[in-house]
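J.: Below is one structure. I have some questions about it.
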Amino acid sequence: GGRASRRCWTCSRAQLKKIFWGVAVVLCVCSSWAGSTQLAKLTFRKFDAPFTLTWFATNWNFLFFPLYYVGHVCKSTEKQSVKQRYRECCRFFGDNGLTLKVFFTKAAPFGVLWTLTNYLYLHAIKKINTTDVSVLFCCNKAFVFLLSWIVLRDRFMGVRIVAAILAIAGIVMMTYADGFHSHSVIGIALVVASASMSALYKVLFKLLLGSAKFGEAALFLSILGVFNILFITCIPIILYFTKVEYWSSFDDIPWGNLCGFSVLLLTFNIVLNFGIAVTYPTLMSLGIVLSVPVNAVIDHYTSQIVFNGVRVIAIIIIGLGFLLLLLPEEWDVWLIKLLTRLKVRKKEEPAEGAADLSS
């Protein structure tokens, strides 16, 4: 009995610790995602260059592996040198490690998808308010399910089909909320395209590379930063000289906003990729949903957004669809077990009452 109680106490402490870290991770995900979205909107008032901002922020991905190695040195008992750790993480790409062929076939396509996802998202912020952008991007989870079902042959779940239908219905209602004006339609189309690129990135990663450990994921994201520096740098230069994204002088660039946006986006990606080490994945996803009301409150006080009935219903529908997608695959089995236990308890209660009367 003493041992059992000690085990229960240890188990409850571990669960409480995981839930505590989960709350901290949720707040971090919510604040970093909402903060980066609002800061991007603020940046475009003085610096109208979404692709250059995407390129600048993606360069910071290079810091993933160095930050991971610092954590490895501080926490691990068996410390390895940078070269040893790098070689071990390179096994993720195959027996030959990270060769030039692997770089162009397995890393470069994801670098392009990463850039497209962020660029389309930032370009949409220029067209529509941040509340609509953040809630519409939540549809990427529905797109991930649909692509996984088609491409990866994942298990069919009726509740997730319902969630996908709700996401599509929410997109249509969000478009209707502004009266199908060309400006808002383009912005909504850009966000949906960004969510689609994000879903394609996740499904292709699972299809071509499988699952990655923390060090492997950190190395892969750092490689995306290297790819961005080597091969994407030419595009902002071309856009500058063709005056598509032009600024008069470097002194006019709001460096504080650019660096702040990059740091918040880097923080968001670090927590989203490595937060699973301290808490549940579902709690991390909740942080993305909670960023929607945060953006809505900020938009209410800083912009002229109109929260009519159609927009509110669309936000609720998309949020409900996102929450349905967070249900585990065995949720129906758990629900049946819970209902069975409740029925057994109800049957036992009258039996105990009859026994008391007879005594």
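Just so you know, the numbers here start at 1 and follow the chain as drawn.
Quick reminder: no glycine exception, Cβ is built from N, Cα and C everywhere.
Bear in mind that TrEMBL entries carry predicted annotations, made automatically and left uncurated.
Quick paste of what TrEMBL says about this protein:
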type	residues	note
DOMAIN	21-175	domain 'EamA'
TRANSMEM	20-40	transmembrane segment
TRANSMEM	52-71	transmembrane segment
TRANSMEM	92-114	transmembrane segment
TRANSMEM	134-152	transmembrane segment
TRANSMEM	159-177	transmembrane segment
TRANSMEM	183-205	transmembrane segment
TRANSMEM	217-241	transmembrane segment
TRANSMEM	278-298	transmembrane segment
TRANSMEM	304-327	transmembrane segment
J.: Do at least three CB pairs under 8 A connect the transmembrane segment (304-327) and the transmembrane segment (159-177), leaving out pairs fewer than 6 apart in sequence?
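T.: Counting Cβ pairs under 8 Å, at least 3, so yes.
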J.: Between the stretches 52-71, 92-114, 183-205, 217-241, which wins on the count of C-beta pairs under 8 angstroms to the transmembrane segment (134-152)?
T.: 183-205
J.: Can the transmembrane segment (52-71) be said to touch the transmembrane segment (183-205) if we require at least 3 CB pairs below 8 Å and skip pairs under 6 apart in sequence?
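T.: Contact absent: fewer than 3 Cβ pairs fall under 8 Å.
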J.: Could you give the residue numbers and ranges of same-chain residues that sit at least 6 residues beyond the transmembrane segment (92-114) on either side and whose C-beta is under 8 angstroms from one of its C-beta atoms?
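T.: That would be 58, 197, 200-201, 204-205, 208-209, 212-213, 216, 219-220, 223-224, 227-228, 231-232.
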J.: Using Cβ atoms and a strict cutoff of less than 8 Å, what residues sit near the transmembrane segment (183-205) while being 6 or more residues removed from its termini?
T.: 109-110, 113-114, 116-118, 120-121, 123-124, 126-128, 132-133, 136-141, 143-144, 146-148, 151-152, 171, 174-175
